[in-house]
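Data block below; observations after.
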C-alpha cells in the first residue's frame with residue numbers, strides 16, 4: 001500500500017512539474033513576442049523621426065536660398081530706384097548755377113558809372129547781349145530741365161512698361177525669398193524631385209513595416225490567447241486531477257482504515273476463538289474448526305478487496321494522467337503511464 005501511495009504521489013508530482021514547466025515556457029514565449037513588438041515600434045518611430053529631420057533640413061535650406069535671392073533682388077531694386085533721384089539732383093544743381101550767373105550779371109550791370117554816355121550805350125548793348133545770352137541760357141536750362149523731366153518720365157515709363165510687359169526682368173520676390181538662375185532652379189527642382197521620391201519610398205517602407213507589425217501583432221495576440229487558453233485548460237485539468245487524487249487517497253485511506261479495523265477485529269476474534277479452543281479441547285474442537293475456517297475466508301476476502309481497490313486506484317490515476325497530457329499535447333505520452341501499464 002505504501003509503495004502504491006508513493007507511486008501515485010510521484011506521478012502526481014511529475015505531472016504537476018511538467019505542467020508548471022509548460023506554463024513557464026508559454027509565459028516566456030508571450031514575453032518574447034511582446035519584446036519583439038516593442039522593438040518594431042521603437043524602430044518605426046526612429047525611422048519616422050529621421051525622415052522628419054531630413055525633410056526639415058531640406059525645407060530650411062530652400063528657405064535660406066529663397067531669402068538670399070530676395071535680398072539680391074531687393075538690392076538691385078534699391079539701386080534702380082536711386083538712379084533717377086541722382087539724375088534729378090544733377091539737373092537741379094545746373095539750374096541753380098544758371099540762376100546764380102544771371103543774378104551776378106544783373107548786379108554787374110547795375111554797378112556801371114552813369115557819367116559816361118558813350119560807355120552807357122555800349123554798356124546797354126553789352127547788357128542787352130548778356131541778357132539775351134542769359135535768356136537763351138535760361139531757355140536752354142528750362143529746355144534741359146523739361147528734357148530731363150521727360151527723360152526721367154521716359155525711364156519711369158520704360159521701367160513700368162518693362163515690368164508690365166516682361167515680368168521676369170524686374171520681378172520683385174516677396175520678403176524672405178530670392179531669385180536664382182535657371183541652372184540652380186533646375187538643380188533645386190531635381191533635388192526636390194529626388195527628395196520626393198525618397199520620401200515616397202520611405203513612406204512605402206513605413207506602410208509595409210506598419211502592415212508587417214500589425215500582422216505580427218495579430219499573430220502574437222493569437223498565439224498568446226491560445227497559450228493562455230492552454231494554460232487555463234492545463235490548470236483546470238491539474239486542479240481536477242489533484243481533487244480526484246485527494247478524493248481517491250481519502251477513500252483509500254478510509255477503506256484501509258476500515259479494513260485494518262476489520263482485520264484487528266478478526267484477529268481478536270481468532271485469538272479469542274483460539275483461546276476458547278485451548279480451554280475446551282473436548283467436544284468444542286469441531287465447532288472451532290468452522291470458526292477458524294470462517295476467519296481464514298474473511299482474511300482472504302479482505303486481501304482480495306484490498307488488491308481490487310489498489311487496481312481501481314491505479315487505473316483511475318492512469319486515466320486522469322492520460323486525459324491531462326492528451327489535452328496539452330496529443331502526440332506526446334506520459335512516461336509514468338507507460339511504466340504503470342507495463343507493470
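Glycine is no exception: its Cβ is also placed from the backbone N, Cα and C atoms.
TrEMBL labels come from automatic prediction, so no person has curated them.
Source: prediction; values computed, not measured.
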(message) Checking feature assignment: region 'Disordered' per TrEMBL, candidates 1-23, 24-46. Which range matches?
(response) 1-23
(request) Examine the ranges 206-228, 229-251, 298-320 and name the one recorded by TrEMBL as region 'Disordered'. (result) 206-228
(request) Restricting to the domain 'Rabaptin GTPase-Rab5 binding' (195-276), report the mean pLDDT as a whole number. (result) 87
(message) Could you give me three numbers for the region 'Disordered' (206-228), the DSSP helix, strand and coil residue counts?
(response) 23 helix, 0 strand, 0 coil
(message) Could you give me three numbers for the domain 'Rabaptin GTPase-Rab5 binding' (195-276), the DSSP helix, strand and coil residue counts?
(response) 82 helix, 0 strand, 0 coil
